[in-house]
């Protein structure tokens, strides 16, 4: 998507204008994504491969051009060698995107979940695919807002709607830096233009570990969204599933619910009451990216400093009802660590915020080569998670540093990473039972209880060659706090790990279960990290929870069936053997 | 071709009705091969080729050859892919517009394709070479050479009768297009414009078709 950003700066876009007038001052017509829904899966992947090849060619070309810019001084010669003559001509007509980028983005659109949790999503779930990882650096994102973009429906990117003076041909004009839909293994993910997802943890695992890892950060940071202190790439040692071996070694049903050491710490009082607020504050993800951002770039040779002067945004998406509290964050890629992160202050209640702040990086000018400025816009949510509102990226190696004027850039969504094609990586065998309040007589239990017995996984497919050190993690959503998280022990080197782990969540009424989703994810445990193989989500699959649209209510028909049986048969174990699917819609 | 060791990346795009031989023509050009089996192109594809371009000015001052990396986009002619393929029009510097000499409808559609180009290409009057393909199937010919030439002249574009099967005129058509592009580039880049007349007389041996309309090609440069 980024490739387009260079072109995106030409806010003027005469298109579809009568041929007689070569350059109308303003023919403003937003560039819609193409509707490519007619393509079959096969055709899409075929086209994606072509785009991938094209992207490789463009990368090579980009490298060539950046060398030329350093070595060729004659401007006319440079213009022809780099292809700027063509890009400039095209920019007068086609404001921002290369056709191949438009197609790429359009193909991408269909890969995304539709609409923000639109309730009709149930039936369309089937076409949801594993969506990409959040940007790696976002793992550290204070509030884990990161993943939201994954599920944000890709809407048409709004074009600049006001005429802008056509800026001088940006140096980078001739250097497409867009990213292919498919990432080649040998391609450093991050360098691919913008939406690139570094998170694709090798092996093509569509899930990578980050999505849930991030969750672990949240409870603590929920109330201090800007505690930049969190370390992004630091291995999370607490990943070791703390869960001790199952108390019951045998297969006897866990009649003593609370014997499990991982019995939920949710108190009956917290759950129901807090569901609403937790959810509404934190889960409202999926903002359709739109709008644009204006900033200028300047390199101060004396101070050896890159200055990103962020002026303002226009027509940002609404993170919540009619408002966003935007702030801007930058990274100087490929450095995705905190050192590389800069932020503006939050501007409350504005879709057209004015920032007028300068974000600075100390570095030698020559070091700009190969660096990419990633500038993203976020909605700051003081209680929940920040939401992604769009981003742009600028390849600094090819930036025209003579141009220090503020430029407009269309905000872009992030690109999904295609899954590796496996629909599931094995199956999970479990049983559940719902015990309504007081149903056992004598006022017991005091609240409704959900009993979960994770028995074993079967036929796991390792992420890489070898085997799996597996554990299962469970949440009962919408509560995604640490308190809601339960883990089994790690069963090493087994493709059929036996967990035999029980857990109890209490504080439920039957009607809460209709709004809830029991999410089980199976992970490969590594020394300092973990990687997800797949998961299941038991819910009614309505696409919404307590009236709010959510991506994680994406249960398959089979999963829904289990949950329905659970609701219909209180007090009885409901057995389920379900595929660990790889296409869980990421949680915001 | 894995290195950026070339001087110019030039991007062409082949378009025209389904089955006129776009893929075959490009395949013949890049690989010198022909496969008579019809395999419909899925949306979009491209081939690449390295060539050396030597402007053959009449003055003989050709200068050293320019290393060109050609990216040859191939598009599906099928209507169902139309929205997809037209999106790629803007990425190309020049166009090979093909019709099938044995299929009159494909010839009649040439004007539609041209108007598509005028609408979607990087500028309103991009460089186009018209190719009447399948010239080897002389006994099945449905389009007279004169008709085709007339149409090409009307648009001010070069016309060749090509055969992807035997390779006849294939290279010539593409090289002519390359020549047009290189000349246009010169005009765009060179602030001291070469008067158009000179450019024309300087033209490629096979580019007598260049005419006024074509030359008016303002691409905004």
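Glycine is no exception: its Cβ is also placed from the backbone N, Cα and C atoms.
Pulled from TrEMBL:
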- A:115-128: compositional bias 'Basic and acidic residues' (COMPBIAS)
- A:129-146: compositional bias 'Acidic residues' (COMPBIAS)
- A:222-240: compositional bias 'Low complexity' (COMPBIAS)
- A:252-269: compositional bias 'Low complexity' (COMPBIAS)
- A:33-89: domain 'RabBD' (DOMAIN)
- A:289-409: domain 'C2' (DOMAIN)
- A:424-553: domain 'C2' (DOMAIN)
- A:93-269: region 'Disordered' (REGION)
Could you break down the residues of the domain 'C2' (A:289-409) into DSSP helix, strand and coil, giving a count for each?
10 helix, 60 strand, 51 coil
Just to confirm my parser: what is the rounded mean pLDDT across the domain 'RabBD' (A:33-89)?
85
Which residue counts does DSSP give the domain 'C2' (A:424-553) for helix, strand and coil?
9 helix, 67 strand, 54 coil
Of the residues in the domain 'RabBD' (A:33-89), how many are helix, strand and coil by DSSP?
45 helix, 0 strand, 12 coil
